[in-house]
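Visitor: Structure below; questions to follow.
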Amino acid sequence: MNINSSNIMALAPNTSNKRETVCIFGTGDFGRALGHKMIQSGYPVVYGSRSTQISNLIPKEAEVLSHAEAAQKAAVIIIAIQRQHYNFLTPLAEILHGKVVVDISNNLKLNQYPESNAEYLAQLLPGAKVVKAFNTVSAWALQSGALDASRQVFVCGDDVEAKQMVMNIVRALGLTPLDQGSLLAAQGIENYPLQLFPMWKFPFFLSLGLTAFFFFYCLALDVIYTYIYERNNFSFFIAFTIPNRICPVMALILLALVYLPGVLAAIIQLYRGTKYRRFPDWLDKWMLCRKQLGLIALAFASLHAVFTLASPMRSFVRWRTSKGIISQALNNKTEPLDTTNAWISDSYLALGILGFFFFVLVGITSLPSVSNSVNWREFRFVQSKLGYLTLILCTAHTLLYGGKWFLSPSAYRWYLPNIYMLSLVVPCTVLVVKFVLIFPCIDKPLTQIRQGWERNPKYSE
Amino acid sequence: MNINSSNIMALAPNTSNKRETVCIFGTGDFGRALGHKMIQSGYPVVYGSRSTQISNLIPKEAEVLSHAEAAQKAAVIIIAIQRQHYNFLTPLAEILHGKVVVDISNNLKLNQYPESNAEYLAQLLPGAKVVKAFNTVSAWALQSGALDASRQVFVCGDDVEAKQMVMNIVRALGLTPLDQGSLLAAQGIENYPLQLFPMWKFPFFLSLGLTAFFFFYCLALDVIYTYIYERNNFSFFIAFTIPNRICPVMALILLALVYLPGVLAAIIQLYRGTKYRRFPDWLDKWMLCRKQLGLIALAFASLHAVFTLASPMRSFVRWRTSKGIISQALNNKTEPLDTTNAWISDSYLALGILGFFFFVLVGITSLPSVSNSVNWREFRFVQSKLGYLTLILCTAHTLLYGGKWFLSPSAYRWYLPNIYMLSLVVPCTVLVVKFVLIFPCIDKPLTQIRQGWERNPKYSE
Amino acid sequence: MNINSSNIMALAPNTSNKRETVCIFGTGDFGRALGHKMIQSGYPVVYGSRSTQISNLIPKEAEVLSHAEAAQKAAVIIIAIQRQHYNFLTPLAEILHGKVVVDISNNLKLNQYPESNAEYLAQLLPGAKVVKAFNTVSAWALQSGALDASRQVFVCGDDVEAKQMVMNIVRALGLTPLDQGSLLAAQGIENYPLQLFPMWKFPFFLSLGLTAFFFFYCLALDVIYTYIYERNNFSFFIAFTIPNRICPVMALILLALVYLPGVLAAIIQLYRGTKYRRFPDWLDKWMLCRKQLGLIALAFASLHAVFTLASPMRSFVRWRTSKGIISQALNNKTEPLDTTNAWISDSYLALGILGFFFFVLVGITSLPSVSNSVNWREFRFVQSKLGYLTLILCTAHTLLYGGKWFLSPSAYRWYLPNIYMLSLVVPCTVLVVKFVLIFPCIDKPLTQIRQGWERNPKYSE
């Protein structure tokens, strides 16, 4: 809940007028919203506009002048105009000489122009100190005060003092400036608001591909096979049974893929005998998207949990249960309790529940505010130790689910293994290799390498 | 986990003494806690007090002097005294002339006095530079270092430099200052800590009213009707069945109410042919509480999910199940599997699970720390696209739940529809209108209007 | 998602060169990572190194010089070298005189040396302004830009200006500096990254001890007793039934322990007639770990919820259910619906669900980002009012679970009560005492005491 959201903000000119005047070129949505917010924060605001006829949407406390007049009144000029109209600024180059000119523009596409808007502006106004800022904030967020979205404002520019001035304004508006370096960073900053989860792209498409593969695999084995050989129409498996088979399989595989790159990196470091060489590019990229892989795995695990808990309500399951009970009743016999079976069923469920519990715990610590409040050692403990515990529990859960079916020929329809068997390949590999890596005779040199020791020193200081 | 919470903070006077002395008037709880914290951060602290007899609760590193002496030693004076005693400051007006005087007081009621405490203080001390700050921080939080609650400190004042000095102190204490403008904002800042979820008030009472209505509606149809016409005492439905009928209905209606104002706004903009006119007040307010509506809807959906998953454990459900099985067994017949039924039951459950899954996803992104780490486009994508997907899935879930009962006369007790039918009205309307709005012939002018185009330009620059 | 994580950061020397040069001693992992990040943020970087032979891992934009030459070029020198090699700095003492020397070192153990590394450095270089910083940030986090872990940088030092310079650098790197006072705080700051959840230690071991006790208690009563007296092998209860008995008991007891210290504090204050005396040490510590106790209680409650929801899937439960139904079917009779039973079963479930719901709500508000966005009054409302509501609901849930078994002798195997009865002792005590405390005749003096009133004033100002 933000204090502004309840409209208690005093919209009043600053009585002591110590804050320097800010000029805004352009009276469009964003220019107006920014002006409002600045006046609230005690800045006198002057608008530079083609016509000085005042729209009733412009804050009353602001002056509206011609561009040239307005620019002369302020040290900081904010250009709230689209890039295609920048050339109108060329005649003003002299007035803007030495002033701080803030480019707040955004593009419609990634890398729309060869150079960033801010760099283009700096070319048009060689004497001005161009700073890129504010492009990640929306007019709506500024207006409503309901800053639900990000408060981060990326700032870059070649002149350190000009940047500092802009960052002070950003702070005064209740936003968080992040210095991104020289104006070369402007391209990146302009691309930033156009990005749509760039780090999630690879994990998402990997999951999509695997899900599609497992769906058709299950469709063949569970629906088509049954239809051909047993004449049973189990097409409704598509709605519930198959999703609930795919989800745990995906969760386990993706979780194992989170820990596989770490194991591979250790092997590479051991083989090379040094940590001072870059990993292959694919491994670096893989390591950077581990968090996303893990969160998608958690999503699949959650779906699996809810699907499983909901299954007793399915009409098919209820039908199967009552069929079993009725056939026992009609045969006048009650099966005795099979203790082994009870053990397997109970441990299988308990392992799954515990695995899911630790998975959720690891997931919660990856929330930005939680990971911000733990130190590095604590973060590593949760993400690595608890993560491996989760992997062990989930793998054991799947192994117990399989139970004795691994050796039963009837589990291999069309000589193909069931998908839960496929899902065990990666996690078992990771766990076995990790188990080997923690043997002292291997762990010791690895720790030394990670502390900077080299087998064949070449790159040392 | 804050570093302070483990008491590792060195409580020592700053050896180089470069930080300016701060004076605190009043040795009450908050004055002491603030003094402690300031000494920890390297500020020399002087207390101004009526008696200079030192309580053992005052930090040992601090001096205790008379008010006049203490004030002379410092440029910043913090008034940790209740408003009703402010008049004792009048004789000190001369000494406080030109100094930064910080008002940290709070009231017991909203708008208790005609003017804010800080403005009253500024009237009493016309020469002093009054700054409002620290009133949102609790003494307990400062003392324990366990800053579980907010670290935000709202600061306002007419003198920019004075405000800057106070904001630097706030930062040095590990808190986050937020500049709120001139002293006119003090009223709002003083009201802030007295507020109790002001943005939640309307959504909460709306939910309460609707819940009460649906409760009595269900009570009439499910308990009283059954009792009168079928002589069955189903009063225990009040404890479980009726809540689990109300929750999904409330979740669906509130979720639809989140997306209804957006659709209405689009219609209004299309009708007016411009976006440069303010929406009616009720629509603006409605749009600002969409997040709260959505979160309450999510709460109802979560309750519905847990209630539903728990239902197989109910004694009534177990009794009904065994009754059904026994009657089949006694009649010596087993019902065959009804594939259509299995399809409906499975899709109904799967849609509900998926809807809930996406709902939780949207809910997670509305956590402040998550929404802070995505850009505007990503935030919109999740809140709008995934939100609509949730609405579609939940509406389909409810439609399938109804199944063929919509046309069955026995579903209409006392000629009244079941509540799940009522719950479908708003979401179906929203979805139909939204579907119409995305037709190119309507979407195109709407997009133009939102980019600033006007059918009858009047307000343009 | 951080902007850096997508590698869009422009790695370019700052063209206007207004940022002051920073010198880094040591070209190890952390020195290189820090140098990279600084160059990105526009700082010219000079490395001081034993050999000036340049490793290809050092950023190309940085100069590499001898220690003395490098130190002369900059006002800020960062010592990225381990403590045991600090003595090589002694000859450089003259060059480093008056410069800002930043100690970024960490130890391998808590309190490894009598004095902190930063204080040791200050002794070696008496003329330098030593500042402790950056030790909580990992090289990996700096390198990858994926600042998943904390962005907080604790800074301390005796010279305020030097500290300010370092804090500006920290801010420029996109990190959050937290001023921790004088150099005496260095010991704490150096211990911080070595801590592993210090606040969680006591709650964790308390839970572990209680869990172990209840496990053996249940083992004796549920498995061993049954085996001895009824010859039933219920050993598989260890996997599911016993955990699901322990979890709710632990959740309820720990939740009550969260509210017990508040009640004790009130009694102590009432007895003493003043709030101006410190609570006993154990009570203070207990109050500081209430959040952790509550979160562990929530973890147990969540496990209980999932275990309970999963129980219909257990092979034992299914066997018991079908046995019951078959015996009814064979006896040709159907039991009628027991309305009282239905009421108890339904209310019991509903209370548990509502209790869990409010528990989760309270848990969500203790997420740092959520508690940061509410004011103190709202935080107290959720943590206190909703917390008590949760306690009442969960206690009622357990009481109803017991139902009429409290008075049945068969519930007392070996004359011992069932564990759910044990679990009720603490919460019932807390609720009864709290109920007494809110009586006006007791609440009024308590409120007065909390507002500063004293029965026997001794400590007043």
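Indices start at 1 and increase along the chain as displayed.
Glycine is no exception: its Cβ is also placed from the backbone N, Cα and C atoms.
Annotated domain 'Pyrroline-5-carboxylate reductase catalytic N-terminal' per TrEMBL: B:21-107, in sequence order. According to TrEMBL, the feature transmembrane segment maps to B:204-229, B:249-271, B:292-310, B:348-367, B:388-407, B:419-442. TrEMBL lists B:249-383 with the feature domain 'Ferric oxidoreductase'.
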Visitor: Summarise the model's confidence over the domain 'Pyrroline-5-carboxylate reductase catalytic N-terminal' (B:21-107) as a mean pLDDT value.
Guide: 86
Visitor: So if I exclude everything within five residues of the ends of the transmembrane segment (B:388-407), which remaining residues of that chain have a CB under 8 angstroms from its CBs? That is, six or more out.
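Guide: Sequence-distant neighbours of the transmembrane segment (B:388-407): 248, 251-252, 255-256, 259, 301, 344, 347-348, 351-352, 354-355, 358-359, 362, 418, 420-421, 423-424, 427-428, 430-431, 434.
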Visitor: Between the transmembrane segment (B:419-442) and the transmembrane segment (B:292-310), are there three or more CB pairs that fall under 8 A, provided the residues in each pair are separated by 6 or more in sequence?
Guide: no
Visitor: Taking a Cβ cut-off under 8 Å, which residues six or more beyond the ends of the transmembrane segment (B:249-271) line up next to it in the same chain?
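Guide: Distant contacts of the transmembrane segment (B:249-271): 203, 207, 210-211, 214, 279, 283, 286-287, 290, 293-294, 296-298, 300-301, 304, 359, 387-388, 390-391, 394-395, 398, 419-420, 422-424, 426-427, 429-430, 433-434, 437, 442, 445-446, 449-450.
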Visitor: In the domain 'Ferric oxidoreductase' (B:249-383), how many residues does DSSP put in helix, strand and coil?
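Guide: Going through the domain 'Ferric oxidoreductase' (B:249-383) residue by residue, I get 111 helix, 0 strand, 24 coil.
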